[in-house]
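J.: To start, I am sharing the structure in question, which I have written as structure tokens.
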Amino acid sequence: MTEETLHDNGGVPDPRFGEQGGVLTYGAYLRLTDLLGQQVPESAPPAHDELLFITIHQVYELWFKLLLSELTDARDRMLAGDSYLPRVRLERCHTIERVLVNQVDVIDTMTPQDFLAFRTKLAPASGFQSAQFREIEFLSGAKDPGYLQRFRGLTDDDRARLERRLAEPSLWDGFLAVLAKAGFEVGTAEQRFAAYAAIARDRERFGQLWDLAEALVAHDQAFCLWRARHVLMAERQIGTKPGTGGSAGGAYLRSRIELRFYPELWELRSRL
Ligand code: HEM
Ligand SMILES: N[C@@H](CC(=O)c1ccccc1NC=O)C(=O)O
């Protein structure tokens, strides 16, 4: 294309731009007819805030899907001994996770009265049944097979995916593979703490490993922050009532705040 053809339209794009013989449209590419047809309220007539409630959960699940893809790639690359791209992937995850924590603000615009207008229709469904959320926990390293027993209403596909995540290596296994490739012994806890301390004390030499460990801590911290915000979100709506999923509600959610994906990286702080 010549300089003249680029500019002879006064900067206005050629009206045929993006239509070079193709039939693809924005809506077709993004499957918007399907996507925007999936917000179906349970309440009839629909309670005003149910669209908000469905939308926010669907947005979470879309981000969970992307997180799983990024975290899986980070894990696979670490298993191969790489440390640069896994950190890049984890940093993207951290950015998404900040969005996940901050979008709780949107749910907080709902009053408990408006939630009550459709809450009874939701039982016994609950976020406890989010298979992707549990997949993220398993992939991150918090593998609790008990969840597979406690889950009601898992599809065969969900169950198969969760069983695969339980059986396959976690991000933590990937991290230990990176340390092993760098020459550290990682068989016992004491060997691992010796490795973390060596890395922490010589960042000029081991900066890439230190940054990778810090990216794992950031991922862990983001999920702790999400759990803490989720408790407040839940208690703001339902106080001390039991959950639709059959748990004690806020008390159960509080018990989950202590969960850490990488307890040794937190323990390292006490040992430095
Ligand atoms: C009105 C807002 C919300 C309330 C009142 C609420 C309440 C609860 C309660 C009480 C539980 C415990 C299980 C039960 O007995 O029901 C739970 C679990 C859960 N919720 Fe929510 N939730 C809300 C919004 C959300 C949103 C927007 C998400 C995003 C996906 C979410 C994801 C989850 C997850 C993943 C769990 C399982 C947590 C775990 O087992 O550690 N919730 N929620
Ligand atoms: N467990 C919530 C209801 C709830 O928030 C919910 C219900 C169905 C699907 C997802 C949900 N989100 C998080 O738990 C409650 O007890 O009010």
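For all residues, glycine too, the Cβ spot is worked out from N, Cα and C.
Straight from TrEMBL, here's the annotation block:
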BINDING   Phe53, Ile54, Thr55, Ile56, His57, Arg119, Thr244  substrate binding site
BINDING   His230  heme binding site
J.: Among His57, Arg119, the binding-site residues in question, whose Cβ has the most other Cβ atoms within 10 Å in this structure?
T.: Arg119
J.: Out of Phe53, Ile54, Thr55, Ile56, His230, which binding-site residues have CB atoms lying under 6 Å from ligand 2?
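T.: Qualifying residues: none.
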J.: For Ile56 (substrate binding site), which residues in the same chain are close in space, meaning a Cβ under 8 Å from its Cβ, but six or more apart along the sequence?
T.: Gln103, Val106, Ile107
J.: Around the C-beta of Ile54 (substrate binding site), how many further C-beta atoms are within 10 angstroms, looking at every protein chain?
T.: 17
J.: Enumerate same-chain residues with a sequence separation of six or more from the residue listed as 'heme binding site' and a Cβ-Cβ distance below 8 A; give 'none' if the list is empty.
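T.: Once residues fewer than 6 apart are set aside, the residue listed as 'heme binding site' is near Val104, Gly127, Leu253.
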J.: Here are the binding-site residues: Thr55, Thr244. Which has the lowest count of other Cβ atoms within 10 Å?
T.: Thr55
J.: Using a 10 Å radius around its CB, how many other CB atoms surround Phe53 (substrate binding site)?
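T.: The answer is 21.
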J.: Phe53, Ile54, Thr55, Arg119: which of these binding-site residues put a Cβ within less than 6 Å of any ligand 1 atom?
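T.: Near the molecule: none at all.
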J.: Using DSSP and collapsing to three states, where does Thr244 (substrate binding site) fall: helix, strand or coil?
T.: coil
